[in-house]
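K.L.:
Got a structure for you, written out below as structure tokens; questions coming shortly.
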Amino acid sequence: TQISPKEGWQVYSSAQDPDGRCICTVVAPEQNLCSRDAKSRQLRQLLEKVQNMSQSIEVLNLRTQRDFQYVLKMETQMKGLKAKFRQIEDDRKTLMTKHFQ
């Protein structure tokens, strides 16, 4: 079908891919309209927001990994301190026993 340039956006065909997603072919009213059309601008803005969110999530993921490594390191240090305190307590008990003997 011939579509005149002023008729606006029209769906030329639609189908469903094997994953169930809808695939549509649309006809723009003018050949160069896509770059300045409001729908196209909204899609670009949405894409920018998604990219910004993806970057933010990546930064948060890296921070979370770094913090997790820090927590693991602190946990190891705490275990080491507990072992030292136990050794000090055992040494104190041994010294007290020897002292009273």
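Glycine is no exception: its Cβ is also placed from the backbone N, Cα and C atoms.
TrEMBL lists 36-98 with the feature coiled coil. Taken from TrEMBL, the feature domain 'Noelin' covers 4-101.
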K.L.:
Under the DSSP assignment, what numbers of helix, strand and coil residues are found in the domain 'Noelin' (4-101)?
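P.N.:
Going by DSSP assignments, the domain 'Noelin' (4-101) contains 66 helix, 13 strand, 19 coil.
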K.L.:
Over the span of the coiled coil (36-98), how high is the average pLDDT in this prediction?
P.N.:
90
